[in-house]
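Q: Here it is, the structure, as structure tokens.
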Amino acid sequence: MFSQQPPPTFPPVPQQQFPPVPQQQQAFPSMPQQQQQAFPPVPQQHQAFPPMPQQQSVPQQQQTFPSVPQHQQQAFPPMPQQPPNFPPVQQQQQAFQPVPQQQQQAFPPIPQQQAVPQQQQAFPPMPQQDAFPQMPQQPPNFPPVSQQQQAFPPMPQQQQQGFPPMSQQPQAFPSMPQQPQAFSQGSAFPPGQPPQPQRQRLDPDMMPSLVQVAEDDQSTRSGLFPTGFPQAESPPLVSTEIIAQDQGNANPKFMRSTLYAVPQSQDMVKATQLPLSLAICPFAKLHQSEYPPPVIDLGEIGPVRCQRCKAYMCPFMEFIDGGRKFRCPFCRASTPVEDGYFAHLDHTGRRTDIQHRPELYLGSYEFVATKQYCKNGTPPKQPAYIFMLDVSYNAVRTGLVELFCRNIKDMLRELPKENFRSGASSMRIGLATYDQTVHFYNLSQPGRAEMLVVSDIAEVFVPFVDGFLVEFEQAENALTVCLREIVNNFAHTRITETALGPTIQAGLDALRSADRAGKLFIFHTSLPVLDGAPGQLKNREERKLLGTDKEKTMLTPSIDFYAKLGEECVKWGCAVDLFLFPNAFVDVANIAPAVTTTGGIIYKYQYFDAERDGERFLADLRHDISREVAFDVMMRLRTSTGIRPTGFFGSFYMQNTTDVEIAALDADKAVQIEIKYDDKLDEKEAAYFQLAVLFTSCGGQRRLRVHNLSLPISSDYAQLYRLIDEDCLATHLFKQAEQTLREKAPKEIRDELTLRCAQMLAAYREKCSEQAPLGQLILPECAKLLPLHVNCIERHDALNGGAELTVDDRAWMMSLVPSLTVLAAAHLLYPRIYPLTALGTPQQQQQQQLADDCHNQQQTGQANGGGMPSGARTSTLYSLLEDELAAMGITDDGGAGGTDAQQQLVVEVPAQVRASFEYFQPQEAYLIENGLVAFVFVGREVPSEWLSNVFGVNSVTHLDTETHELPKRPNAQSVALRRLWHWANLGRERRLKLFIVKEGDALEAWMKKFLVEDRYAQTSNSYVDFLCTVHREIRSILS
């Protein structure tokens, strides 16, 4: 029936039931109502944020924060002269006494008659939320209910890592005045009292931590994840490792929503400023334990569709009239069932053949397309890869030509092929070189190298078709000869000018003449300035304009040649991947549209040197050649009546308002689609989304991949905020901001992002926690990291890069953002940081074993609240398969950790560190990476033993910071570090560029730019500063 066996069915997973929390569960004994004391005690009036010293009060709208010299320790809030007593005491220590159960507390305190609604996050964090432990009987990863929210600090045995331990008299905040006294408006300090010269700054540990949130989510929600049916379950964080079980809704790796409760109307979206948007990666790489979408062949019948809206058969279709018709959930129309697809219904209304029809019980699947889905009604041919190598003086001098010719043949053995087919790939390959002319090579004659030169670059053409695109196995001998001749023929060239535009045109013409889809791999080194060549460019670099209102002139194309060329490529299914090796300005902003419009990618190797950067380039090229790709792609998203897709973000081309066209699409590319409203939705119904992707496979088969998603509709604002997918939301805001860069100034975009973040949180405050005092910052549980994400977006080089970047670097960064997956965007915005010196040591292994034992006991319910807390898990053990390393071009020399035929290499991954220099220790070394670059930062007091084992030196001063790779040394610490490095590169679209940085080195300033919780420049706020800015905006909106 279909070419691949369907995955085994799984029993439906019942809705998780959570045991009620006992009403008497309290962290502190209660006291009579008339003696209730807040924490810390406050007057009954509303208290502004932040709390002020004794006998002082700031008017609600006049509060300012005076600047303090940088060398002084800032206080936040201002401290009284005498050390605060916290909690405050009068004549003797006052103990906390019982509080009535229904009375909730907040910090800063709330008057006794007010209550904080469920799901809100106070500032600093509240118990039962980010950093505080959950109640013993509360199920993991479930938002706290109102009865459980307490403002008291956790008990000593409940404290988790990430917050300072609470003593009997914590000093984090000053005591509050019993008799506040107002002073004149417009003054930052009360009359007669000068500013305090010594201020205690706000403790970053009290802010929501992305590292802690990710660790908690990984510990509670990793593993098997049922996608849910009939409505999709809200997935874990994108960083959490899951094995999705398809129950009728698509794997979140394929399709992810910003909101897992769809707002009932556009008014709700406008009020909250929360976008309804889908992050779509149709060919996402799956876990080895997850089933790929099955391929269904219905023969001449073809895919079954709704006769009105053309939606494809899915688990949400309802069969009626004894199975003779089905009702479409998207348009509510009924469609007759063809005789060849008919089946009777059982007593529950389900088809009796449902177990043999994956499209009736899975959220993702593929149909084999019929001739009606093929161009001109003929099945497609096998796709082709064409390699076009720059052989000008710059390419030869840097070693690029020799490096490429020496390695490309081995890489071609890894051409992609169908998953269920064995043997060699059926794809075709072609080879060309270029400088001022374009040279084509005939690979059809074994043992001979035949080169044909096209010198008419104004109207370039392919001199022959037969023999240019051939199968690799047939061309291997001829290719060997051609590569050798290329190195010899151009070894002494003095030609410096190149014709890039005609080269892309020639590759397009070759695929068009052969009637094949495919991809061009272009290796280019310099600005295309050849006179008379189509696409000729001029040097227009003006770095001083970056970061100003005039930067648009540098970051937008000055000619439309490459944009039109990209559109022409998409029309014929020709993708372009561009490998740049510049030593000077090459005008990425002008060239990029020829690449991004086709769904391609730009790799950039500034000041390339084959000896230094060759391994990184070869790893990128190997990954690009071997990964599975869909060609000649057309994508359409269908939705329920009342909503429709309107905003599209990604690397693609659109001829109309509905169809997304991409010449080639792989697992590392994603599209973001925003949904708008045409009408108010029915809360009793569900919102349905179906993505249909028509494509040509690597084997030349036309197919249709379908992903389905069903979400509940809600008019409840609390539920809306409770089901936010923060990773997907941050990705949407990032891509949307990048798209507006060509229209608005950077500062305007940053201000709009800050305002929108404040509006989202102000709406939550207004709709879900209106009783909270204005001076308190309230963060929703599922969006408590929103300010951190928005600050990271605002300070990223793609949006905020100034004159410290080159114009090409800025344009290159902007070209990467639209096609980012949610996971890649998360790493790019908030780098991962790992401590290194404990790797491979016996003490670390013993501590890891103890932590693993405690963790296993907690997972199986054997732990009874004791043992090592989750925060003490200093590292996690992962396994790398040898073939995964081989696919990256890596051979591990440290010994394997398993005994299977394919051995597993144990990788020790330390617990992450927050991206702030405050958490760095001088005796520690750190690996910092964001998906593009990586640093090994070595503190000035790192033990000499570690330096000797890893780098072969005894002192930090002797470190070689010019190298870009880790030395291979035969000891446990060196092996552990290199395996961690391989693990960090695994699954990435590009190999990380490594820098060795020692404390006090010149590169330290650049490295600190990646510590996104710290202030870096005038336009880059610290995390704490941005929270204060957002809080002021919220107060302004609400007042």
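Cβ atoms here come from the backbone N, Cα and C positions, even for glycine.
Checked TrEMBL, it gives:
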- 1-22: compositional bias 'Pro residues' (COMPBIAS)
- 1-203: region 'Disordered' (REGION)
- 23-76: compositional bias 'Low complexity' (COMPBIAS)
- 77-87: compositional bias 'Pro residues' (COMPBIAS)
- 88-135: compositional bias 'Low complexity' (COMPBIAS)
- 144-171: compositional bias 'Low complexity' (COMPBIAS)
- 176-187: compositional bias 'Polar residues' (COMPBIAS)
- 303-341: domain 'Zinc finger Sec23/Sec24-type' (DOMAIN)
- 380-624: domain 'Sec23/Sec24 trunk' (DOMAIN)
- 630-714: domain 'Sec23/Sec24 beta-sandwich' (DOMAIN)
- 725-822: domain 'Sec23/Sec24 helical' (DOMAIN)
- 845-862: compositional bias 'Low complexity' (COMPBIAS)
- 845-870: region 'Disordered' (REGION)
- 908-973: domain 'Gelsolin-like' (DOMAIN)
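Could you give the neighbours, burial and distances for every feature on this list?
A: Using a Cβ-Cβ cut-off under 8 Å and counting only residues 6 or more beyond its ends in the same chain, the domain 'Zinc finger Sec23/Sec24-type' (303-341) has close neighbours at 229-230, 248, 349-351, 359-363, 367, 369, 638-641, 686, 688, 690, 692, 704, 706, 708, 710.
Break the domain 'Sec23/Sec24 helical' (725-822) down by DSSP state and the numbers are 69 helix, 2 strand, 27 coil.
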Q: Over the domain 'Sec23/Sec24 beta-sandwich' (630-714), what is the model's mean pLDDT?
A: 96
Q: Which of 630-714, 725-822, 908-973 shares the most C-beta pairs under 8 angstroms with the domain 'Sec23/Sec24 trunk' (380-624)?
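A: Checked against 630-714, 725-822, 908-973; highest Cβ contact count belongs to 630-714.
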Q: DSSP helix, strand and coil counts for the domain 'Gelsolin-like' (908-973)?
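A: The composition, in the requested order, is 16 helix, 14 strand, 36 coil.
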